[in-house]
Each structure stands twice: as structure tokens, then as C-alpha cells.
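Here the structure comes first, spelled out in C-alpha cells, and everything after it is commentary.
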Amino acid sequence: MEADGAGEQMRPLLTRGPDEEAVVDLGKTSSTVNTKFEKEELESHRAVYVGVHVPFSKESRRRHRHRGHKHHHRRRKDKDSDKEDGRESPSYDTPSQRVQFILGTEDDDEEHIPHDLFTEMDELCYRDGEEYEWKETARWLKFEEDVEDGGDRWSKPYVATLSLHSLFELRSCILNGTVMLDMRASTLDEIADMVLDNMIASGQLDDSIRENVREALLKRHHHQNEKRFTSRIPLVRSFADIGKKHSDPHLLERNGEGLSASRHSLRTGLSASNLSLRGESPLSLLLSHLLPSSRAGTPAGSRCTTPVPTPQNSPPSSPSLSRLTSRSSQQTQPQAPEVLVSPDRDDIPRVVIHPPEEDIEALKGQEQKNEENTDFTPGILASPQSAPGNLDSSKSGEVKGNGSGGSRENSTVDFSKVDMNFMRKIPTGAEASNVLVGEVDFLERPIIAFVRLAPAVLLSGLTEVPVPTRFLFLLLGPAGKAPQYHEIGRSIATLMTDEIFHDVAYKAKDRNDLLSGIDEFLDQVTVLPPGEWDPSIRIEPPKSVPSQEKRKIPAFPNGSAPVSADPPKEADHHAGPELQRTGRLFGGLILDIKRKAPFFLSDFKDALSLQCLASILFLYCACMSPVITFGGLLGEATEGRISAIESLFGASLTGIAYSLFAGQPLTILGSTGPVLVFEKILFKFCRDYHLSYLSLRTSIGLWTSFLCIVLVATDASSLVCYITRFTEEAFAALICIIFIYEALEKLFHLGEIYAFNMHNNLDALTSYTCVCAEPSNPSNETVELWERKNVTAASISWANLTVSECKTFHGMFVGSACGPHGPYVPDVLFWCVVLFFTTFFLSSFLKQFKTKRYFPTKVRSTISDFAVFLTIVIMVAIDYLVGIPSPKLHVPEKFEPTDPSRGWIISPLGDNPWWTLLIAAVPALLCTILIFMDQQITAVIINRKEHKLKKGAGYHLDLLMVAVMLGVCSIMGLPWFVAATVLSISHVNSLKVESECSAPGEQPKFLGIREQRVTGLMIFILMGLSVFMTSVLKFIPMPVLYGVFLYMGVSSLKGIQFFDRIKLFGMPAKHQPDLIYLRYVPLWKVHVFTVVQLTCLVLLWVIKASAAAVVFPMMVLALVFVRKLMDLCFTKRELSWLDDLMPESKKKKEDDKKKKEKEEAERMLQGDGDTVHLPFERGSLLQIPVKTLKYSPEKPVSVTINFEDEPSKKYMDAETSL
């Protein structure tokens, strides 16, 4: 019985059928102006001409525009003829098809273009037990936030859970309630009057209680944030400033009236600068260029006119309200909108808008020419969208007021009460949706209204934040059912945040469209059993919101389902134009230059960010240590021919040139292990055969440079498309593991130098000694050293020597406190371990600080960007304060060659025989493969689609720069540098850009990488200047740099699918994450794929760690062939999920053919919306009127045309299917 009663209450007095159209409101004044319309004009005015939406494919669908009823008037007989032509409104079997049709239509105006929505729900309640007021109880930007019952605070954002019953009740409300679409009103008073008039006319509301309902609707709105701002000093803030950050740029240009038209109205209308120029009392102005206007009326297409009060459309104006006139507002010129001026009052903020600087002179001149003076009379401060410019220009457009100056909450904007922190989270151009629900004692049955305003209007005081209101939902009912009304309000608010219903609400033409949107939403709803889920539990927002595109894709024209249910995958990383073979000499290089040249200046402008400074400091510290370490190892291997200073100079020179001119400046160059192995083998060969090492190395380097340039000329970089994820991840994982291994190895190596004494006897600590003594069996080298220093063993006071002096004279340490390399050094090793792991964990913690709950967002973001640099500074300071002598970074202090016998220019021949110039081509071939593979695999990893790079890649240009600088370094006797995988990945990770404007509860979206050249350029410039910064760099402990290596290696492993698949070996199936490839590939095949990849990784590790490391690039190349063999064990569908499909020449041709056919199909559909053009033989073109096409969801469109072949006078038939 209770349910029946509730249903009876929901049923209005005057029932209406579901086929009845919603009221398309023509504005407040349409009911008051005595304008007579013919019956046929009224019918044609409401007619909507629907173009049939014919889907050709999922990617490209022809959309027919709705013809606006304002411009096309047709008689009823025209509609009958349309039916005879076969242009019928399509029938839809499901709400989903109806919704897809609605979303597939486009409108000529901007009033139905969807915007982001902020939804607020207010409930009518008592305040202090005395009077009613609307109190904000919930809001939605992306997820729901509620005002907590027990405290004045907002809840955490959560996923809204709705009861199914409330959704059905909402559907009943839309079905039986008042629906008014495209209402033109400027104040809440006008909206209330029009809604109530419609309710009375339809019998939903009794005229006797009209004033009671109107009074309830116009009650004050109390927002949650107002208490926090009561004690704050009012802010003096201009609308222009607000508009820069939070308003829609299209708001100024809505319906064809742009900023230029507004400036024209400034010049021809009233002069807004009079006040400031004449020095009058400060007043608050709203200029015409902030007022969105509607279409029509004027030659420019705008309808912003100076309203003229008439007895028919406005009550008596208050003394404080006057209208502003100018000479330009009388005849045919566009009339300036009425500008209302507020008095100098304390409770209204002063908002002063200054005209653009370029218009000041024009305004001054116009002011002198004006013959009529404009009088400014204090009045109400109108909101930007509540001015009468929103009303129809063909009708009266008077600001609604009353004797007391109108409703203040609807006419003033107090920015001192605006929560600007929340305002920043609202996207640009957002509009508001207000939900008003409540219970009153004078109603016997609920009244419901759904209103869509056109255009959106800023109703001050109605919404928590000053954004224009687009939708209003009203539900007032008798007392006793407040929870029911609350749930219905939550339902409509949640629906407005749904991506599909949100678009339907903007594009709906009648009530049925809204009902279809609700039905489609119900089709997608998941119901949880009440006994298995507690609805009071708040669901945390997901990290990533699933895409709703599948709900927008219509079924195939013949009603069949797609062949595969697999979700669409993004294009492979090698599908871009950068790796397509041109067939011309240096063709790929020329295209790279053309592609990157337009971005050259922006590569420097885009670096104006604090994030780039953090990246420079981080990567500088990260690059310094491996370069110096590599130089030291190279110095040991070549007996000082090439050492640390050459390594620093070579890295700086190569890095600067590469950062300036390379195709992908995000890549960081560095030294590699195979290059070091090659240098060792080459030096040993030259020493055994008495050849000049530097000269032979120069010859090999020049040959390598030449061969790399040949690869550039022949577009060999296009072969990179055969390097799939399988090869990339094996190579990247190996480099990351090497970084981790070498960081730990260096830490253990410190244990050999700074050994610690084990198994100590604490009682015998006072007897532990370690002194220097004469070596018992001095070597020949030691004797020669003594002779050079003119000393003998007997003349040296061994017991009095310091540790360094004892090592200089090759003394021997004797005593119980002595280790293998000297006395035990207390605490150094353990302190190094503390520095090492503290650096790693602190860097990781600070990098993730962006997601913590402490401090403002800007502070967290800055700490995250400077994470590694802050860690280094903190650890250096702690090390300095503790004072334990940990090993420090050693940088050469002089800029000169390590070997005094060599210079900065090396001859390719030198003392070597002439034939060495020719034989050098053989090892150069091996070096070419090494350089090519290292460079291009790293480039492929950097240019992956996951990084969302927008400026394109430049594989050919990258290889050219590496080749040129390799030749330069060879001539100068400097080490060779190539792309460093881990450093490049760390560089990219440090420049990730995420969305700043995110709704509460929504995770920031990854937008891409800050692509620029400055970070790499500054890193290598600082590296070259390091020789002059030794006084600062000498304080950096080496364990801290080793900890940075560990952090880079571990952080670079994130996102590698290979390691995610390795984790699956130890997980039961029920605990495995919902990885996409596990849905489509059997688990045992995933394990087989992982085992093969792991085996290849182990083989690469063994080869790289052995003396055969010089053939390491050949083994990386072999991975491509291993991947090709996997086609025999896996299907292409499985490999498409586990890896990228290998490119095939036949597949490319077929793909090109499909693309060409698609372009042809799109070209056929170009032109006006009433004709389809089909090419025919001998250049003929068939034109088919769209109205002859009949669409049925069960079968494809088929058109048969008879036409005459002119030359042969024969009749032919042509048939096409769409």
C-alpha cells in the first residue's frame, strides 16, 4: 500500500503520454508580449528535421546536421512529401541505439555542445528552527562528495552507489514531470515563473499555492564553504582575472559574438572608462564583452540589445535601477547591453574591468564624438550571464527587478565567499547543474521539473562556485519522504556525471531523448545483492576510469556483431612515419629535419619550467659519476692514454652537439660496457704488435663514422621496426640489472678498501696496533723507486711514517689492527652502507611525495621534481656534519691531456704502417653494429607510444649526429659516446607532465613528456665546467652516487611488462592482477613466452660479463630472429597481446591499401550533407541525393542507379552498398 501511495504521489494530476514533446521554452517574455502567431507557423517552429545517421565503419561515420527550426519554415505538406521521398525517422529497437543516434548528431549552434559539468545538490531545510533555506548537501565534479552530518567538512570523494528503486523513480519523474528544454532566462525569478506557469498549465500544480512554491524556490542558498569565509577580508578581484583561469574562452564568443564584436560595442556604445578617467567614486562594472549573448536579430548574428522596460514585461523599477542608452542603440546598429552599476557598499565586492590597452585611444576618441552623455545610476551588480543580453532580441529584454532591488543572491557575485582552491579544480569552460530537492507542508503530491537553459546563465548565489548554470532539476514534495527525495536527487546528479547521459542531456530534443538516456544508463548498471554489500560503504575512486567509447559505437549496419570482441588496441610504436623507407638517398634524414625544424624554437621555450631545473640537477649528478668512473677504468686499460679528463671533455662536447641538433634530444649519451671491452682488446692488440693505439683507434673511429653515415643515407633506421617489445624489454631489463649490479658491486668493493675487523676481543682493544715496516722482500719496482728518491731502506724511519707515506715508499703494515690494504678504518664501511641505502630509499620516498597527503599540491609537486637533488644535498650535509672520512668524488683539476706525450689532435696514421688505414675497416664494422644497436634500441624505448611524445622522432638524424661526433672524438682522442638506456629513461621520467586541473578523487592524468633541448644541453655544459667546480664536487660521497645508480636502475624497471610476467610465476591464479593479456592468452603460454625471454636475458648477461662482450650487439641482433621464430609457437592474436606483431611487407601493402580505400570513402562523403559523391570510370562522378538512401539496421544500404553512357548511348546499371 505504501508503494502504491508513493506511486500515486509521483503521478501528476494531468497525465501525459510518453510521446508528448518537452516544452521548448521561448523565454520569459514570449508569454507576455502580445504577438500573434499563425497555427502553421507554430507547428513548423516546433518541427525538427532529423538527418539519418549512416555508419560506414567504426572509425568514420557520416553525421547529418539537424536543421535549426529558426531558419527553416516548412508547411505540413512538405513533411508529407518528405515521407514520400523515403526520408523517414528511423526506428530503434533499444535505448542504446537511440542514444547512439542522438550522440551522432550535430547542431549548428554552440548551445548544444557538451561542456564539463559541476553538479550541486541543495536540500530545503530549516535554519535555526525558524525559516527555510536551501542548504548544500552534496556535489559532483567527477565523484560524489557529501557534507558530513556531524561536522562542517566535505567527505572524501567516492564512487556514488545508487539504489535501483531511486533510478526507476527518477525515470518516472522525467516521464510525468515538467521538462523544459532551451529555456531563455536570465534570473532565478524568471526561471521560477516560467516553470510554475508550465506546471499550472499542465495541471501538475494548483494555482492557489503558486506563491508558496515560488517563495520556496527563491529562498536563500547556504553553501558549505561560506562559514570558512565569513571572517576573511573581501577580495578585490576582477572578472578578467577570474576568466583567465576558470572561464570558458568560448563564453565570450558564444553564438557568433566574439571578443571583437564586444570591443566594437565598447567603441560604439557606452564608454566604460569614463569612471576611471574622470576619477569618480569607485563603482563595480560588468562590460559587454563579458556577457554571452544569444543568436539572432542583428546583422552580426548577435542579439545583445539595450533593453527597454515596458509595462508588459517588467514590474515597476526601483529608484536604484536605471537604463543606459547611447546613440548607437537606436537604429540598425547592434545595441550595447545594459550595464548595471553597483553602489559603493561594503557587502558587495568592487569589480572593475578595464578595457584592452589597444582600445583606450579609440574609446577616448569615441567619447569625444558622443553627443549624448551617459548617466550612471547606482543599481544592482548584475552577474555576467544574468544580464538581459541573454534574452531574445526580438522580444523585450528587461532585467527583472522588484521594489527592493531584486533577489540579491541572483544578482550579485561575492568572490570573497568563493572557494578558489576548489575553483581551480573545475575545468575551463565548465557549466553547472543544480539539483534542488526538499519537502514542504503545503504540497499534497510531488512536483518535478527538469530545465535546460540556453545559453547557460550565471545565477549568483545559486551555485557554490561562479560558473554558469545549464541544468536545473527541481523536486518538491509533501513532508515525510525526505530520504526518498534525497536519493532521487543523487540519482539525477550521478547521471549528469555519466559521460553518455551528460552528452544526451545537452543534445536532447524532447522528453523521449532523456528517457532513452536513462534507459541506456540502466542497461549498463550493475546491481549488487543487498546481503553481500553494504551500500553505506564508500567506494574509493579508481586509479583509472574505464573508457565509455564502446557505449558510443553503434552496431554494424547489417546488425551483426564485430568478428572479434577484443577491445581496440593502440597502434604499434613503429607504425609512425619516422621509420618508413623513402627509397631516396638521405630521404629519411630530410624528412626528419623537416619534421623537427618547426619545433626547434619551441624546444627552448618549453623548457621554462621548474621541472626542467630539477631534471638538470638530477641528471647532472647522475651522469657525472659514470663518466668519471668510465674514464678512470679506461685510463687503467690504456695506461693513461685516455682517462677521466678526456672522458669529461668528450661527454660534454658530444652531449652539447647532440642536444642542439639531434632528432630526439631527450636521449642522454653515455659510455657503455661493450665500448670499454673493445678499447681493452684494441689496446692489447696494439701493444702486442707495437702499433700506435691512438692512431689505429682514430682510423677505426673514422671508418665507423663513415659506415654510420652510409646507414643514414640508405634509411637503414627503418629496420628498427623489427625491434619489438620482446627485444626492447630484454635489452632495457639487462641495462637496468647491470646498473643495480654495478651499484651493489661498487659498495662491496668499498669493503675491500675500508675493511672492518671481525671477531674482536673487547678486552684486548688497548693492545691493537698497526705500524709501517720495511718490506721483507722488496720488488725491483720498489728498489727503483728508492733509487729515484735517493733513499735506502735503512735511512727511512718506517715506524714514524703516515699511512700515505708508507704506501708511497711501498712499506708494509704490521699489527693486529691491520687489514689487507692498511689499518682498519673505523666506521667507514658501515657509514657507506648507511649513505648508500638511505640515498636510495629517500629518493624513492621523495619521488612519490606527490601522492602523499601532506602540504599543498604545489609543494608536493616541487619536492617530487627535485627528489634526487634534494636527497644528494641532504646526504652531503649529513656526511659533512658526521665527519666520517667516506670516499669522495674526484674530479680532475686541470684541463690538459692525462698523457703529456699526446695532444688534442690525433693523426689517423701516426707511426703505423699505411695498410692499417685499410685494415681498420674490419673492426669498424663491428663497432658500427655496436653503435647502431645501442643507439636505436634506446631511441625506440624513448619514442614508445606510452610516453605520448608529440613532436615526433628522428632516428636518422640521431644516428647522423652520433656518427659525426664519433668521428670528431676519434680525431681528438676522446672516448666514444652513444645513447645510454637507463640515463635516457631517467631523463624521460623526470620530465613527465600530469594534468593540474583534476576533480576531487580523480587521479592526475599523464599528459606526456616535456619535450625540449635545454635539459640535455645544460647537463653537458655543466659537465664540461666541472673542472672548475672541484671545490664543491669534492664533498659528494661516492656511496651517495652509488645509491643514485641503484635508484635509477630500480625506477627504470617499472613499467617493463617482462618483470610483471615474472611475478606471475609465484602467484596463484586467484591472486593474479587483472592484466589485459591474461584475458586473451592462456597462462601456460604466457609462462612459455616469459621463459624464452628470460633465457635470452641470461645469455646476454653471460656474454656481456665475459671477455666476449665485444660481440654483445650481435647477440642483441639475434633476439630479433628469436622473436621471429616465436611465430611458429604462438598465434598472431596471442603475440599481439604479449608483444608487437612483426611487420611484414605484404601486411604493409594491405594496410596501405585499406588506408587508401578509407580515404576514398571519406572523400566520397565530402561536400554538402544532401549529396553523396561516388567516382566512376573515366573520371565521371555520380551524385546521389541523401534522401534517396534508406537505412535499415538489419541490412546495409544499397542504391541502384540507372544512367546513360553518352558515347555509346547504352544504359548501364551501377550498384553501391554503404
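Glycine residues also receive a Cβ, built from the backbone N, Cα and C atoms like all the rest.
What Swiss-Prot annotates here:
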REGION    1-31  region 'Disordered'
TOPO_DOM  1-612  topological domain 'Extracellular'
REGION    53-99  region 'Disordered'
CARBOHYD  Asn176  N-linked glycosylation site
CARBOHYD  Asn274  N-linked glycosylation site
REGION    294-350  region 'Disordered'
COMPBIAS  308-318  compositional bias 'Pro residues'
COMPBIAS  319-337  compositional bias 'Low complexity'
REGION    364-412  region 'Disordered'
COMPBIAS  383-396  compositional bias 'Polar residues'
CARBOHYD  Asn410  N-linked glycosylation site
REGION    536-577  region 'Disordered'
TOPO_DOM  663-699  topological domain 'Extracellular'
TOPO_DOM  751-821  topological domain 'Extracellular'
CARBOHYD  Asn780  N-linked glycosylation site
CARBOHYD  Asn790  N-linked glycosylation site
CARBOHYD  Asn800  N-linked glycosylation site
TOPO_DOM  887-912  topological domain 'Extracellular'
TOPO_DOM  980-1015  topological domain 'Extracellular'
TOPO_DOM  1060-1096  topological domain 'Extracellular'
REGION    1148-1172  region 'Disordered'
Residue among glycosylation sites Asn176, Asn780, Asn790 with Cα closest to the Cα of Asn800 (N-linked glycosylation site): Asn790
Mean of pLDDT values spanning the topological domain 'Extracellular' (1060-1096): 83
Nonlocal neighbours by CB distance (under 8 Å) for Asn790 (N-linked glycosylation site), same chain, sequence gap 6 or more: none
Residue among the glycosylation sites Asn176, Asn780, Asn800 whose Cβ has the most other Cβ atoms within 10 Å: Asn176
Where Asn780 (N-linked glycosylation site) sits in the secondary structure, as DSSP reduces it to three classes: helix
Structural state of Asn176 (N-linked glycosylation site), classified by DSSP into three states: helix
The topological domain 'Extracellular' (980-1015) - residue tally per DSSP class, helix then strand then coil: 12 helix, 7 strand, 17 coil
Beyond the flanks of the topological domain 'Extracellular' (887-912) by 6 or more, those residues with Cβ under 8 Å of it: 624-625, 628, 635, 640-646, 648-649, 691-692, 694-699, 702, 750, 753-754, 832, 970-973, 1026-1027, 1029-1030, 1033-1039, 1041
Counts of helix, strand and coil residues, the topological domain 'Extracellular' (887-912), according to DSSP: 0 helix, 1 strand, 25 coil
Sequence-remote partners of the topological domain 'Extracellular' (1060-1096) [C-beta within less than 8 Å, at least six residues beyond its ends]: 566, 726, 729-730, 1119, 1122, 1126, 1129-1130, 1133-1134, 1137-1139
Counts of helix, strand and coil residues, the topological domain 'Extracellular' (663-699), according to DSSP: 23 helix, 2 strand, 12 coil
Between Asn780 (N-linked glycosylation site) and Asn176 (N-linked glycosylation site): CA-CA distance (Å): 109
Long-range Cβ neighbours of the topological domain 'Extracellular' (663-699) (under 8 Å; 6 or more residues past either end): 592, 595-596, 603, 619, 623, 626-627, 630, 633-634, 637-639, 641-642, 647, 651, 654-655, 738, 902, 906-912, 916-917, 920, 923, 926-927, 930, 934, 938-939, 942-943, 952-958, 962, 970-971, 973, 975-980, 983-984, 986-988, 991, 1009, 1011-1013, 1016-1017, 1019, 1104, 1107, 1109-1110, 1112-1113
Residues from the same chain, set at least six apart from the ends of the topological domain 'Extracellular' (980-1015), whose C-beta lies under 8 A from its own: 141-143, 145, 156-158, 422, 424-428, 541, 543-545, 599, 602-604, 606-607, 609, 611-612, 614-616, 618-619, 622-623, 626, 659-660, 665-672, 731-732, 735-736, 739, 865, 934, 937-938, 941-942, 947-951, 1048-1049, 1051-1052
DSSP three-state assignment (helix, strand or coil) for Asn790 (N-linked glycosylation site): coil
